[in-house]
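According to TrEMBL, the feature FMN binding site maps to P17, M18, A19, Q71, K141, H171, G226, R227. According to TrEMBL, the domain 'DUS-like FMN-binding' annotation covers 14-317.
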Amino acid sequence: MFKIGNVNIKNRVILAPMAGIGNSAFRLTVKEFGAGLVCCEMISDKGIVNKNDETLNMLYIDEREKPISIQIFGEEKTNLVEAAKFVDRNTNADIIDIMMDYPVNNFVKGKAAARWLLHPDKIYDIVSAVVDAVEKPITVKMRIGWDNKHIYAAENARAVERAGGAAVTIHGRTCSQMNDGVANWDIIREVKQAVSIPVIGNGDINTPKDAKRMLDETGVDAVMLGRAAVGNPWMIYQTVNYLETGVLAEEPSAREKVDVCILHLERLITLKGETVAVREMRKHAVWYLKEITGSNKFYNAINTCETRQEIVDLLNQLVEEVERRVLVAAGAV
Ligand SMILES: Cc1cc2nc3c(=O)[nH]c(=O)nc-3n(C[C@H](O)[C@H](O)[C@H](O)COP(=O)(O)O)c2cc1C
């Protein structure tokens, strides 16, 4: 167990913020697999300040998700402060995270926020303004630096700490690295040594053993998993269990995967209505199935589903095929 500000985090495994994925339906499903903390997808400060309906809907939290961190992103201090105040006073989030984890693609190239990592003073200025304006603990998620020649991870983390930030998450890539190459865990270790606030390490944790290795090699207080948990919330359970007992839990069966996928779908329907939920669920369904032998011939059909029933029927059909194969292999039919 560790603490971020006054918030107790029951273990050292955290779900990463992921745009287009990390809404309440996904987070709650992951939470039930034991995540110590879940983080929402990034939410625009301007959308919050302008009370954009779609943005405000993104702030929905199911009580069962707690503790949860809401991540906000923006370009300048005034809006970030106003958005943080809104989240502080109007949501049941436990933590507010400021996003400074920008992969430098064409979209963010010209944006000031992407360049904050070049300026620890700017980070101090922004974080202290937000900290002063709210009650909830403020954290920052950042990349190690702008590019290979400009890595100020320790200075930047110290700026967060000086400003009153309650924790920092370090994604071990530079902005210009996008999502390519490998995450640099040496720099994550440097950051851990540079500050006294909790440090969360992120990047390239694909197995429970990777999580243990990151904790051992860098000394971070917790690990954050992103892609490995997509379509695979069992990864969270397996990681928590491995860290606590040293035992690698079994892989789920096709039936178990499909049942959780359907539960996730039902939650998405409650959140967004059937039409939007089914479209959004197509990609998740394919992710849930990807390790199941013979699932690829279902992908095209899943990607054209328009209703809950169509997806559920396809998923059940796949499980029946898998179960029949097992019986044939065992000579039972
Ligand atoms: C689809 C996708 C969406 C992401 N969206 C966000 C986001 O909203 N906010 C953020 O800070 N990082 C975001 N990230 C980065 C992840 O939080 C994480 O830092 C990155 O995937 C590395 O961790 P991993 O190797 O465990 O996936 C996103 C990553 C992916 C793959």
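The backbone N, Cα and C atoms fix where each Cβ goes, glycine too.
TrEMBL does not curate its annotations; it predicts them automatically.
Classification of M18 (FMN binding site) by DSSP places it in coil, neither helical nor stranded. Sequence-distant neighbours of P17 (FMN binding site) (same chain, 6+ apart, CB under 8 A from its CB) are C39, C40, E41, M42, S69, Q71, D97, M99, K141. Taken residue by residue with DSSP, K141 (FMN binding site) is part of a strand.
Just so you know, the Cβ of G226 (FMN binding site) picks up 20 other Cβ atoms within 10 Å once every protein chain is counted. In this structure, R227 (FMN binding site) is part of a helix by DSSP. When the binding-site residues M18, A19 are compared by the number of other CB atoms within 10 angstroms of each CB, A19 has the fewest. For the domain 'DUS-like FMN-binding' (14-317), the mean pLDDT of the prediction comes to 96. All chains included, 24 other C-beta atoms sit within 10 angstroms of the C-beta of K141 (FMN binding site).
A strand conformation is recorded for Q71 (FMN binding site) in the three-state DSSP classification. Annotation for the binding-site residues H171, R227: lowest Cβ count within 10 Å of the residue's own Cβ, R227. Every protein chain considered, the tally of other Cβ atoms within 10 Å of the Cβ of Q71 (FMN binding site) stands at 26.
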